[in-house]
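J.: Below is the structure I would like to discuss, written out as structure tokens.
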Amino acid sequence: MNTLIAITGLGIFCLLFEILNLRKAIIPFTILGLLGVLALNFCEFGMEQSYYNNMITVSKFSTAFSSLFIILTIFLVALSHNFYHNHPTKISDFVAIKIFLLAGAVAMVSFGNLAMFFLGIEILSIALYVLAASDRLNIKSNEAGMKYFLMGSFASGIILFGICLIYGAMGSFDVLEISESSLSAELPIWFPIGMILVIVGMLFKVAAVPFHFWAPDVYEGSPALTTALMSTLAKVVAIATLFKLVSGLNLISSLENQDLLHTFEIIVVVLSIASMSVGNIMALRQVNVKRMLAFSGISHAGFMLMTLLTVSASAGVLLYYTAAYALAGIAAFSVILYVCRDHDNEDITNFHGLGKTNPLLAAILTASLLSMAGIPIFSGFFAKLFLFNQTIQAGYIGLVIVAVINSIISVGYYFKLILAMYSKEPNQERTGKPFLIYAAAVISIALNIALGLFPSLVLDLLK
Amino acid sequence: MNVSTILIILLIGAFATYFSGDKLSSKVALLFSLAALGCSILLLNNYNAGENISLITSWINQPKISFALNADGLAMAMVLLTAALTPIIIFSSFGNEYKNAKAFYGLILFMAFAMTGTFLASDGLLYYIFWELALVPIYFIALIWGNGDAEERRKAVVKFFIYTLAGSLFMLTAFIYLSQKANGSFLIEDLYKLNLSACEQFWIFLAFFLAYAIKIPLIPFHTWQANVYQKAPTVGTMLLSGIMLKMGLYSVIRWQLPLAPIAAKEYMYVFIALGIAGVIYGSIVALRQNDLKKLLAYSSLAHVGLIAAGSYTLTLDGLRGAVLQMIAHGFVVVGLFFAAEVIFRRFETREIAEMGGIRTQSPKFTSMFLILVLASVALPSTFNFVGEFTVLYSLSQINIWFAVLGGTTIILGAYYMLRMFQHVMLGETNSKTFADVSLNEGISFAVIIAVLLFFGFYPKPITDLITPSLETILQVINKN
Amino acid sequence: MGNILNQIGIENYIFLSVVLFCIGIFGVLYRRNAIIVFMSIEIMLNAVNLLFVAFSTYHQDAQGQVFVFFSMAVAAAEVAVGLAILVSIFRNLGSISIDSLKNLKG
Amino acid sequence: MIHIPDFAHATTVQVIFCFLAFITVITAFLTIFSRNPIHSAIYLVICFFSIAGHYLLLNSQFLAVVHIIVYSGAIMILFLFTIMLMNLNEQREVHRPRITRLGAIVSFCLIVIVLITIFINSKPIVGGYDSTGEDFQSIQVLGKILLNEYMVPFEFASILLLVAMIGTVLLSKKEKLNNK
Amino acid sequence: MDTNLALILVLTPLLGFLVNVFFGKSLGKTVSGAIGTIAVAISFVVSLLLFNQITSTGKGIQVTLFDWIQISNLKINLGFLLDQLSVLWLLFVTGIGSLIHLYSISYMHDDENMHKFFAYLNLFIFFMITLVIGSNLLVLFIGWEGVGLCSYLLIGFWHKNQNYNDAAKKAFIMNRIGDLGLLIGMFIIGSMFSTLDYATLQTAVAGASDLNSPLLSLAALCLFIGACGKSAQIPLYTWLPDAMAGPTPVSALIHAATMVTAGIFMVTRLNFVFDAAHDVQNVIAIIGGITSLVAATIGLVQTDIKKVLAYSTVSQLGLMFLALGFGAYEVAVFHVITHAFFKACLFLGSGSVIHGLHGEQDMRKMGGLRKAMPITFWTMLISSLAISGVPFFSGFFSKDEILMTAFHHNISLYVVGSIASIMTAFYMFRLMFLTFFKEFRGTEEQKHHLHESGSLITIPLIILAILATFGGLISLPGNSWLNEYLAPLFSKAAGEEHHLGTTEYTLMGVAVLGGILGILIAYIKYFKQDNVPESDENITGLSKVLYNKYYVDEAYDAVFVQPINSLSKFFRDYIETGLSALVFGLGKVTNEIAFQGKKLQSGSIGLYLFVFVLGMCAIISYIFLAQ
């Protein structure tokens, strides 16, 4: 709860700084503030508590994920400095929106009441709509914003309808009450329907097939930093929330009571396979790096959906997977931001010869791509390993084999980029070594590798 | 002192090389590889003295993954192979100028690190991690410093990477499955204790087989090999053929057979036949190759086919012969590829048709090349003969026809190798000048040849080293 | 005053809401004019609001109605942002047909 | 089970419900089918009013009032402003490909059928509807709940609105290009 | 002491090899030649010492150095066995070897790579000694392959000529085919008796209950295939005539006197195995007979002086195998020894001729050399008489014993052998007449330079001629020192002594008559009628077939070499590409799916939402309406 308040306060401070003409101090201050919030959040770790009539429930799950969100936001704010270099008047708005978005995100993983959940997801979505469309003179950005907005509101409507049905079944929005009464025998069918509708809405947010179509278009059209945010923070938030919904509302046992669990699991398996396959296969032919990473994100969503099959045990695995994925994503996007800052597109050709002109950045991008592909020592590998381990334990060996095949396909497009960096001649001068971008890239990949070397640090947090 | 020292030396060496700058890097790399060699010899000494040089530290709790390195005789032999070949390979590259040499040599040491780790790891997952790690440096070595048309090279290298990764991911799945059965432990001892049903074993065997058949490679999974060998820089080719292939073969013995013994016994004939088919196929394809490195690649295919067949016999002879042959082949193939490189340095071609007549210009080189050729065709008194004889003998114990068919390697091998030798070295004096071998080159050759001849007459040290551990593995295989 | 649902039945409210909700969905799919699409989304949200109130009565519980307030706030915020995006698209493209938004594809 | 409407013995409430429901659905359709956006907007207002009627029917007067103020007042005005700002009329409507319409109709039918079938198949509500007799939807009660139990979401909603506000400003504000 | 002697025996030639390899060039030609010769001579002396010891004690010496290869049921030492057989072989290997080394100092003096030549020769002697004195089959195999290697190196000694290199390669590969047989034979024996050691093996075979088992026969057959390869028997004989590409001393040493007899050595060594496999013995006899006849027929029409001698060698080897097939090992050994003498002499003599004519080998361009090269002529004449079986020359005794043995076992093979002998006499004298009599047919310049070779060449010739004359004394009919000497080796009572009865004398007479008949025909045809073989284009009919060696090489080429090469091309161009395409194809298919998939991602919100709604409907209806 304190985290949420602190984050909100920080956002308002950002706005105040603009009024007080302290524009230059905004980013350093925000980063420091976020670090403080992170510390605060750490202090809350392990204290199971609920606040304000159970509106906010602080648990290990919520604090762990909140910390991850805060870390990601720190990186994203740090990257803002160079990205919004040409928009000095708007920088406070951008930063403040990101901070509020973080507040929404934290609310989404620590909600104790569906109202908080709904408001959290709306804050997140609206902030994202704005950020997607924020390059207002760019027609692509407009289009991305519009697409995201239309489809996102549509999904919000469905989530709202789902919440309504849950309320109809339970007579309450309180998570605890709902999870208690979800086991009762005379449950109206409204509850599972409502849950499914909410899940469908969340699947849209995590961009799982067949609700994924927005992702590539929006990722491509949005300003690169927004894409970074969507593909890391937003995706992680969405999957974590989805996980929390399924586990917190006791959906699995409820479905079991009604003999619906089996079909539900089949649905999860099918969606997971579809997401992985579609994401990976479609990414093969992409030339725009952001678009490629969008499809990669879709496939990773498929992987992460596998955790829904083993809800009771896989919170730690999900945290690990999301952390690994998001940190790799941040590192990758830092490099993309650097490489494409003077270009109006993010085609692979921009990356030609990066290995010669900027070996460090090329190495970082390579490392992050290897992590996403699941090559050992990078945490992406361990993420997949733990996930597969968990899934095989639950008996879904076929699913794991499909996932393995998909991992193989994914190497194809990740390596396309690596090939471009190392085996093509540089086609342009790349000058300047913006400190913040380098720092963000180095730190995020270092964290990624550290996670790979000491997986237990994160994995055992939620035990 | 335990086996992790050698890993640490190599890893530190990799970074030290990278940070020592382009000029010094090759020397630094050589220094560290020699240090690793020294360390491994010390360790061998300790091992022979009966000291415990293994290491087990817990790493990840759930699933239980340990940082477990175990050096038994077999692993020790392979580590020695790696440690001995790495300095030779590095030293052999001294005649070449590489752009960005620090990264190049750093990657070589890193690869040596990963390969050594693969041989030492006694935890399934740790082993897998090293296994995959070894793949990354060679990918970059082949991609960046390779030769030939860039587009072709990219294709070949990416195919190689994806292909081998594909195989090993199935192995990973098998490992995870096994660890489930072993209550979440990946430790090799725990996995050895499992009693799996025949059906489970079949699938696990198959998953492992996919990984190893691609890595080794066995036909028909070999299509990456010739192209990558051809396109990679010779140093990369040496690493690939000299050591990395052996990773696959070693893994067959260490992991595949003991973990799925029933399946191994059940389908023994199939896999032996596959190995022998590789012998014949590789030899025949090698006959009509125009590119020297490709020819050597196919010869390698033939040789490893025989080694694999030996391993799948599940007899002590087969395994022992396979290991001996692995070591012998490691040295020979490095020597042969180095010879190809020596020619390339002077003629700037790998086309056999453009060579010839070198013998009149450089008799020294010719002699050394000939000895390598002869070792490759397993002339008695070379190390390769010891291995090949043992393997063929073990095959004959299974079925005499296996030995006959596998034995065609000595005919076909002689045919393509001598044909190659004739066209490369003999004939009218070449119009291009062929400078005599330099001292550096000569030293590399001499070391390799000395090893081959010494162990050709006196393989006992190696046999004694590996036999106890092979017997242990056989006990696991035959536990039911 | 007795419960009004005794006379109408909660099912009828559900059906009404579902139909209204689906009309909203239909509108989003059917129309290319972004404004009308926005309106359709509003219809969807209103259908839900209606159901909230019905359930609120059903449970004799005020929380449902409180939720409607939030839902309205969300709707208002969405419309504001949506229209802002729409205006900037209109400025750039001179059209508000969502069919003209097909630059991003593939 | 679905109630077969007994039109002969329908109570007043039932008649009103049916009437309002009819109006709501029809105007909703008309909103979508109208060629002129302004007509659509007006139909939508009527639709909103009929929903407000439902609220009244359910005895939640406060919500009905708020609904009318927010939707018919604020949101519709926003729509109308935008429509007029862009000077839209029916000629602006681009042609709709037949496939789109077909798809829309198909999916509409599909989703209606699916949802309705599920709800029909569901277990019927047993027994009548309780009436505790307590006041649960007066302004007073709503206010108490909103500012006690739901204080945090209430505050949080303000952040939502703040974000929307910043966002709209961000999207519409012209920058002073002082660098170039 | 014995170990040291054995090591000196083996290692001296190796030392000679090493010295010549590393320092030969700087030492100068004569010195390097001398080193090579002395190294072999030392071995010869040691052999003599050993021979002395063996004859006095009558027991073999077993020397074990160290463990070599460990196989579960086999333990293979690196060790030597010096017994009657191996010492006998050593004597003539090192003896003739020394003479040929001596000869080569002069013969190879003009070659720039003379030190290499001596190095290779020394290496050869080293491997040959290893072959002979190895105490088990695997040590034999070292020597076996090693001499093959040296043969390869020496045939291709003039490596600038790719035809020579082809011949060398062919020799090596043909040998390797035999080697595979030998290996397989070893495998079978190893798995049957758990040993490859001669001594243990002999006891094991003697103690085995069911001899004549098919497996043992198979082993014997495989071993015989090995012998076929090394000793140039049908079907693996074609390499030997080609091997004449090497310098003539090489042909004399390797391809006539020593290496090619390795097969006979091996069979004799393993006589107890072959005795236990009668079927295989029959096969050996038949193949030996046929080889001797076929090679002799080809030899009839060859015009290259060395080719004639090569086919003669094949033919003689065939005769030896004929004897082996009948279990008359000592007879075969006897012929090996006499053959070594006269064939070495013949080759060296032809080398002298070639040397004198500056490399000319075609007999059609020789003639009348008798006067210019008297020593060469006389020594060669003696050897020719010996090979033709003229009485009281060494060849007469040995050949006669073979034919006699054949007569006692199988008449038809006796006939075959006799015909081959007659032909031998014919073509040898054809060679003599064409080379040494009549007028010189070469160029003026050659004629001008005609001269007798130097003493380093003639002395070995003379010594060998003496040996060829009197070599028969070691095994006179009825009173055979050799048989006695070799008796401990053989399980059977050292051959049934042939009583010199009427039959025997008749047979001798027939053989002598046959030999003289052959000589006469040659005399008439090439001396009286003054025929000179036609030039290549004009050869027709049967002689064309013979001249082209029955087209065996071409047949092998068409049946084995070409198919393998085409197969190789086929694999390379189709299978490899196909497999590769299959792998790439997977990638391509995925890519194609991606390409089609891109079309679905059309950018239309309507479509996206449509799929969204459909997906939602599908999920809901599956979960709630599926039952």
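Glycine is treated like the rest: Cβ placed from N, Cα and C.
I grabbed these lines from TrEMBL:
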TRANSMEM  E:30-51  transmembrane segment
DOMAIN    E:68-118  domain 'NADH-Ubiquinone oxidoreductase (complex I) chain 5 N-terminal'
TRANSMEM  E:87-105  transmembrane segment
TRANSMEM  E:117-135  transmembrane segment
DOMAIN    E:135-424  domain 'NADH:quinone oxidoreductase/Mrp antiporter transmembrane'
TRANSMEM  E:141-159  transmembrane segment
TRANSMEM  E:216-240  transmembrane segment
TRANSMEM  E:252-274  transmembrane segment
TRANSMEM  E:280-301  transmembrane segment
TRANSMEM  E:308-326  transmembrane segment
TRANSMEM  E:332-354  transmembrane segment
TRANSMEM  E:375-393  transmembrane segment
TRANSMEM  E:454-476  transmembrane segment
TRANSMEM  E:605-625  transmembrane segment
J.: I'd like to know the mean pLDDT over the domain 'NADH-Ubiquinone oxidoreductase (complex I) chain 5 N-terminal' (E:68-118).
T.: 86
J.: Taking the transmembrane segment (E:308-326) as reference, which of E:216-240, E:280-301, E:332-354, E:375-393 has the most Cβ pairs under 8 angstroms?
T.: E:280-301
J.: Short question: most Cβ pairs under 8 Å with the transmembrane segment (E:280-301), which of E:30-51, E:87-105, E:117-135, E:252-274?
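T.: Maximum Cβ contact count belongs to E:252-274.
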J.: Which residues of the same chain, at least 6 past either end of the transmembrane segment (E:332-354), have a Cβ under 8 Å from a Cβ in it?
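T.: Apart from its flanks, the transmembrane segment (E:332-354) reaches 85, 88, 92, 96, 99-100, 103, 107, 247-249, 251-253, 256-258, 261, 264-265, 267-268, 305-306, 309, 312-313, 316, 319-321, 323-324, 360-361, 366, 369, 373, 376, 379-380, 382-384, 386-387, 393-395, 397-399, 401-402, 435, 453, 457-458, 460-461, 464-465, 467-468, 471-472, 474-475, 480, 482, 486.
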J.: At a C-beta cut-off of under 8 Å, are there same-chain residues at least 6 beyond the transmembrane segment (E:30-51) that contact it? List them, or none.
T.: 5, 8-9, 12-13, 15-17, 19-20, 23-24, 61, 82, 87-88, 90-91, 94-95, 97-98, 101-102, 104-105, 108-109, 114-115, 118-119, 121-122, 125, 129
J.: For the domain 'NADH-Ubiquinone oxidoreductase (complex I) chain 5 N-terminal' (E:68-118), what does DSSP give as the number of helix, strand and coil residues?
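T.: Residue counts for the domain 'NADH-Ubiquinone oxidoreductase (complex I) chain 5 N-terminal' (E:68-118) by secondary structure: 29 helix, 13 strand, 9 coil.
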